[in-house]
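This report concerns only the one structure given below.
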């Protein structure tokens, strides 16, 4: 059951959206279609009611959504879900929220979560900016993870990169004081842009010092994107910022 709060604190229980309705509702980006297998389609049909959160545009009480009070971790753009699934398996004391627009990746993770018997993961198939702006209360998150966002490697496309000043300010708003922001990239110039943006964002302090990086933490499993980058000779930058 979804748990929403209206402006006057009244609980609102909307009807679930179908997969086609979720696709039509997204307006701020073009969904990557990819190859949507029958198994992934069945995952939406069978497991979305258990793990899925339909975008409504109203603030949510996350403790009610998960049925408990626990630290909340958000992963933006979880891809095929490998990192999020790994974290949920190995850090069960956390509640996890994942956001992804790539339907096959969502379907794959739904199948994995059902196989694992996970109870503390909720997924959005929607635009992260919209979810953060309209459904996540300020200061509600203990950690935000963004692993290997699209580098938009051509210079003329850099403006499309996710990590921009306005988005960084939004992330700061949603993190509680004492929380952290963890990002990883295998593109050197994107790491430079992340440092440029985040070091200039009030409320964030690089745990490794100015333009510093940390070793890959235990909670981040190596993804196929990371392995692909390493095969191309790319190194990986893990950046960890504390919310102050």
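Glycine is no exception: its Cβ is also placed from the backbone N, Cα and C atoms.
Taken verbatim from Swiss-Prot:
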- 75, 100, 127, 150: S-adenosyl-L-methionine binding site (BINDING)
- 150: active site (ACT_SITE)
- 154, 186, 223, 224, 225, 226: substrate binding site (BINDING)
Reduced DSSP assignment, residue 224 (substrate binding site): helix
Binding-site residues compared (127, 186, 226) - the one with the fewest other Cβ atoms within 10 Å: 127
Cβ neighbour count (within 10 Å, all chains shown) around residue 154 (substrate binding site): 8
Fewest-neighbour residue among binding-site residues, criterion Cβ within 10 Å, set 75, 100, 150: 150
Alpha-carbon distance [residue 127 (S-adenosyl-L-methionine binding site); residue 154 (substrate binding site)] in Å: 23
In three-state DSSP terms, the structure that residue 75 (S-adenosyl-L-methionine binding site) belongs to: strand
Residue from 186, 223, 224, 226 whose C-alpha is spatially nearest that of residue 75 (S-adenosyl-L-methionine binding site), among the binding-site residues: 223
Residue 224 (substrate binding site), number of other Cβ atoms within 10 Å: 11
Shortest C-alpha distance to residue 186 (substrate binding site) - which of the binding-site residues 100, 127, 150: 150
Taking residues 75, 100, 127, 150, which bind S-adenosyl-L-methionine in the record, the widest Cα spacing (Å, whole number): 14
